[in-house]
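> The feature domain 'BTB' is assigned by Swiss-Prot to 14-85. The annotation repeat 'WD 1' is assigned in Swiss-Prot to 194-233. The repeat 'WD 2' annotation in Swiss-Prot covers 354-398. Taken from Swiss-Prot, the feature repeat 'WD 3' applies to 401-440.
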Amino acid sequence: MDNLKVLFEENLFSDLQLIVEDSNESIVLNVHRNILYFSCDFFKKLLIGQFSETNDKSIKIIVHNAKITSCVIKNFYGIDDKLPEYPDWMYYLETYRCYDYFGMKIPVDKLLELTVPSEGFELLLQIVDLLDYCDELGHLIIRNLPLDYDINDLSKDFVTDLQRLSNEYQIICTKHHTIKIFNNKLYKPIKTIHHSENITSLCYDNNNKRIIYGDLKGTIYAYDFFSNKIIFNLQNIQTNKTLPNNVIHLAIINDKLISVYFDGKITVRNSLDGTLCYVIKLIENPFLFKVCPHTNCIFHFNTHGFTNVWSIDTGNLIHKLSQFTNTMFNTLKNDLIIFWRENNLILCNYPSMDEIGTLCKEYSFPPLVLLNKQHILVGCHNGLMDIWNLKKLTLVKSTQLFDVPIISMTYSPNGDQLIVANCDREVRILNSDNYEIIYTKNINKDNNNKLLTISLHDAEKIEKLNIL
């Protein structure tokens, strides 16, 4: 390609003057017929077809954008001629429009990586309309949909399909050195992330659409879900050489990335770029902790009967509680906590810790709360799932899901489905309105018990599409 570049830049042996013209300007290029002929169907037909220009020394073509078209033609010679006055999204969309005009293949994988501002959304729709439509292109449209865009400008069938896509979610699980991503029908993995070390922790950053995972060496990786690239990685600075330094827990709360290490350290970072905000050094067992999105706090349970509570925003110690001393609890809202005492679930106010009531049944797994349904769900050793009324603290229903222990429960991003896994890695999807089983799937017995569901799109855009 370097030789071709020299031919163009030094105007060697050119045999055609090509005039590229749009409504604003004309650009003259000295080119070579054989180079154009072998580069795309448009010039192949123009140069040997039944056209009056076939033998002309000068040919004019009328295009939508002369500058972009000139860049595309220069690229036939291996010249990558970017236009600094064009933002990336506009440069690539205009380039892809030129590709279509020339009969060239539009690189869909590159198109799917684009983030387009509201002023470019109509152009994006035009480019997508040139392609064979697929779900990936529909997701691209939803991701770039301006919140002030009039949905009525789109066809009814197209909006219906976007609604379908907006309500899809994906399920993530880990297996030793890999992260497997399934669609919500749990067919074969649609994506697999391979890693050199055992993956020890996992969470999803919905704000930035990234999978965050940590490994045995204490390194944290931020993996962009749509571009399939590592955005950054963070090395752990080991403070205790006698202990392993692997990451045992990760969480995203608002714009903060919280990571807990085996060596007794909690770091809080900016989730966008990994910039360190502060470090909390735990005096004893780092496994006795809880990172809580409802209270925006970190709880640490020590062996002296106290629970320290830090603000995630400031890193300051804001409470010291003595009511409970184990991690088997969930915060239901910013003022409500459920925790274990003698195998019973106790509901209490936070931070006063005044008890509201007791769920009198032996449980050993953290409960799952569906606030929109006002239900508390608890999985049992015998495969039974109990559903409690959050306000009345009465048992609504018990349903036998499996014959073996339930190890994890989560729900879909919009709350309409419940995903429950047992120790044999059999997963069942339930309707969260009536708790009836929709379907069952096995996703490999040697996956660990980390199960996440992720929404592919922002809640505001999902609501906008489904409000019609």
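Don't overthink the numbers, they just go from 1 along the chain as shown.
Backbone N, Cα and C define each Cβ position, glycine as well.
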> Over the span of the repeat 'WD 1' (194-233), count residues by DSSP class, listing helix, strand and coil in order.
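Looking at the repeat 'WD 1' (194-233) with DSSP, the answer is 0 helix, 24 strand, 16 coil.
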> Within the same chain, where does the repeat 'WD 1' (194-233) have neighbours whose Cβ lies under 8 angstroms from its own Cβ atoms, ignoring anything closer than 6 residues to its ends? I mean 6 or more beyond.
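Non-local partners: 112-113, 143, 172, 174, 176-179, 244-252, 255, 257, 259, 261-262, 271-274, 450, 452, 454-456, 458.
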> Using DSSP, how many residues in the domain 'BTB' (14-85) fall into helix, strand and coil?
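Computed counts for the domain 'BTB' (14-85) are 25 helix, 17 strand, 30 coil.
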> Across the whole of the repeat 'WD 3' (401-440), what does the mean pLDDT come to? Round it, please.
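Averaging the confidence scores along the repeat 'WD 3' (401-440) gives 86.
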